[in-house]
Each structure stands twice: as C-alpha cells, then as structure tokens.
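Undergrad: Straight out of Swiss-Prot:
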- 136: active site (ACT_SITE)
- 222: active site (ACT_SITE)
- 174: N-linked glycosylation site (CARBOHYD)
- 190: N-linked glycosylation site (CARBOHYD)
- 1-19: signal peptide (SIGNAL)
C-alpha cells in the first residue's frame, strides 16, 4: 500500500506494506499521520488465541483499518490486546490545546458465545513532554458483554454530557497512573467530537492539571474474550490543534 510502512518495533529496516495483515505481537504499520499497532501486549493472559490487524485505506488525514481475533480461556476479566491507530503528533500542554477534532466510524462482528470487548480512545498525559505516563484518559464508545473500566469503587463518580453523548465517568489507579474512563451510556458506532472538551471537563471538575502534556492519542479496541471477532474501522481521523 503506497505511503505505508510495516515492520516490528525491533526491526532495523522497513518495507512497503501490502494490503495483507500483520499478526506478530508487536507488529505495526505506519503512514505519515498514524501508526496502526497490533499490540498483543497481554496475550499470555489467554489460554489460546491470535490476532491480526491490517490497514485498508489512507485518504488524506483519514485512515481505514481492521483487526480480527480469537481469544479464549484464561481470565475473562483481563484485556488481551489493544489494536489501535495512534496519532503522530508533538506533545502539547493541555492549556495550549485549542481543539482535538476526531471522527471514528466502525462496525463489530463476532461468532456466538461469550464476547467481551470495548472500543475506546486512549490518551496519556505527563508533566513533561518526554515524561512517563501520569494520567490516562479513556473514552469508551462501546462496552460489549459487560466490559468494565478501571475503577477504585466499581461505581461511576459522575455522569456527564459532552457534545450530544452521555458518559459515566470512572476513576481508578493503574500502578502510578491515574485513570479516568468516560464510558458511553449507549453504544456509539459513528463518533464525531472534540476530545479537548473531555480534557477541559477533567481540568475544571476532576483536578487534572492543565499544565500536563498530552503525549499519546490512540483509538482502537480492547478484547477480553471472543471468537472470530472483527472490528472494521471504515474511517478514522484525529488531530491536535
């Protein structure tokens, strides 16, 4: 595919990707604006399974991609992977961000049986442009099969409306990182938003320092368990202004 590089994190050289899929734990494909990761970071939590990801199209700032997997056995409450499209951008302090426009349209299919997964944006911030993750902000568009976010209490700390969508907000620790998770009250498969509004809410209402740098912006799916599952993102775009 023209304009796309493929490889692994450890690879020393890259090759132009074909329209095929990549299935290695840390495989990825890269365009000028996005890196699409397979990212099977917790595959050993499953008794068996595999996952493959592929980029379908690139048109300007919009990308289309998909990921297919089967994860069975093991802990049904543990995420196995996070196949995602990560925006390539320079870190920027929240107080200096004007807008974070994004669009994401997707569909999800799976075989009968237990299926647990979420579809989510994942943002990380740090006190410096090159620092470690201090805050994680997740925006869940879907929580399939009872998937639940990190939470100290198991209960939402607030219900907020951002744009035209309602979300329940959860808070909890992941090691030394404070995690805020906005979980949509109903599944959203065609999402258009300014993600800066989520950050502004957290700054104004939940104590997120506006001096934090946004260092990562990703969107994808976290599967817990599922057979012959496939998420197809027909169009995705994001920018940090």
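Placed from the backbone N, Cα and C atoms, the Cβ positions cover glycine too.
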Undergrad: Of all the active-site residues given, 136, 222, which has the fewest Cβ neighbours within 10 Å once its own Cβ is left out?
TA: 136
Undergrad: Report, in whole Å, the straight Cα-to-Cα distance of residue 136 (active site) from residue 190 (N-linked glycosylation site).
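TA: Cα of residue 190 (N-linked glycosylation site) to Cα of residue 136 (active site) measures 23 Å after rounding.
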Undergrad: How many other Cβ atoms sit within 10 Å of the Cβ of residue 174 (N-linked glycosylation site)?
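TA: By my count, 10.
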Undergrad: Would you mind pulling the DSSP three-state label for residue 222 (active site)?
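TA: Going by the DSSP assignment, residue 222 (active site) falls within a strand, counted as strand.
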Undergrad: In angstrom units, rounded to an integer, how far apart are the Cα atoms of residue 174 (N-linked glycosylation site) and residue 136 (active site)?
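TA: Cα of residue 174 (N-linked glycosylation site) to Cα of residue 136 (active site) measures 9 Å after rounding.
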Undergrad: Can you tell me the CA-to-CA distance separating residue 136 (active site) and residue 222 (active site), as a whole number of Å?
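TA: About 15 Å separate the Cα atoms of these two residues.
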